[in-house]
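Colleague: Just passing along the structure, written as structure tokens.
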């Protein structure tokens, strides 16, 4: 039989105090909705239907082309949300997973175990449950003396006795698809919230003598539903520990994993060393035996093997093998550094390609440049690429030496093996093998300093 999935993502999330739909808030670099969608993939659903509502266009954009969408114009409860999927799923034979889009910590393994449990026990409905010493706010699982599930009771509708129950409803279920939609026709809004509860379907199945079961999570953290910023931070913390643990098991060394922030899609090879307060975001890839020191921040970039990045920022760029960056360097978007390049302290590179073995040791700005191999930039070199309206390109050949405190005004080209004298302002092309000096000639005036107030003779 086929598997189907319904993801509930219509809510506004008032307690988030945000204009962004709740399910689009990010955990470890991707939205909560994307986390849930990826985990749902473990059951290989034939159809996945996502229920949208508040700012539906934003939610649909995230999963465009990956799921079908239905709209819940009025948020009248979880049961009502599932009713919205009726035109797509009613009458199909199979098992349907119903899950909230704000549960980013649920794993694909747990969902696979849940649906296997449901099938193996021939249940018409199976509830994913968890146990906690502090069940306040959760729906409780009410069982009979034979430990069979009788019903789910919400916090606001629970008796004092029922509030003591520690087994809670996680809000995730598997149903026989055909029976689900038949039962939904019989639920009502006779409850404290005046909503259609999906949980009422469980009571209907019990009344008709059909088999209802519960599969209990091994890890309570997976049950976390995010309703406010506090829970969002908790989810981020748990996810970060999972991610870092995975990398450590795969041969990555962390000085302080609790102070290291790595997004879920980051790839790290073995033998990488990561110090504290390192952040790796987006689609970043780190090659083997690279060292990332305290304070390094890398976004959507590729760093090769054997590189050393010291307390620096790299954004949307590529860094080849053996490169040294930092401390306090900034590699801005659309830059590429060739093998063995050295970008030192207080150097900024923007939108530039730099050939292998090139060095810019300190206090340099390289913007909109095409730089060859074995180039040396002296301290204080500035490439001037912007005239207030347009940006221009500088081309620097191989084996070029640029003296300290030089200004290179684009558009200009420095030929192979050329040399720029220290302190020069370059406004014209420099031919290959030439030396360019663009500064005033030094003049010495003998004894002139004796006329000045600072001279000892005038004290």
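Note: Cβ is positioned from N, Cα and C throughout, glycine not excepted.
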Colleague: If Swiss-Prot says 379, 385, 386, 422, 439 bind acetyl-CoA, which of 353, 404 does it name for the same site?
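Modeller: Swiss-Prot lists 379, 385, 386, 422, 439 binding acetyl-CoA, and from 353, 404 it also lists 404.
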Colleague: If I take the alpha carbons of residue 8 (UDP-N-acetyl-alpha-D-glucosamine binding site) and residue 362 (active site, proton acceptor), what is the distance between them in whole Å?
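Modeller: Cα to Cα, residue 8 (UDP-N-acetyl-alpha-D-glucosamine binding site) and residue 362 (active site, proton acceptor) are separated by 53 Å.
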Colleague: Looking at Cβ-Cβ distances, which residues of the chain lie under 8 angstroms from residue 227 (Ca(2+) binding site) while being 6 or more apart from it?
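Modeller: Counting only residues 6 or more apart in sequence, the Cβ neighbours of residue 227 (Ca(2+) binding site) under 8 Å are 13, 15, 16, 22, 102.
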Colleague: Could you state the whole-number distance in Å separating the C-alpha atoms of residue 350 (UDP-N-acetyl-alpha-D-glucosamine binding site) and residue 362 (active site, proton acceptor)?
Modeller: 15
Colleague: Would you kindly give the Cα-Cα distance separating residue 11 (UDP-N-acetyl-alpha-D-glucosamine binding site) and residue 362 (active site, proton acceptor), rounded to the nearest Å?
Modeller: 52
Colleague: With DSSP assignments reduced to helix, strand and coil, which class does residue 77 (UDP-N-acetyl-alpha-D-glucosamine binding site) get?
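Modeller: DSSP call for residue 77 (UDP-N-acetyl-alpha-D-glucosamine binding site): coil, neither helix nor strand.
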Colleague: Can you check which residues sit near residue 169 (UDP-N-acetyl-alpha-D-glucosamine binding site), meaning Cβ under 8 Å from its Cβ, same chain, 6 or more apart in sequence, and list them in order?
Modeller: 127, 128, 129, 138, 139, 140, 141, 152, 199
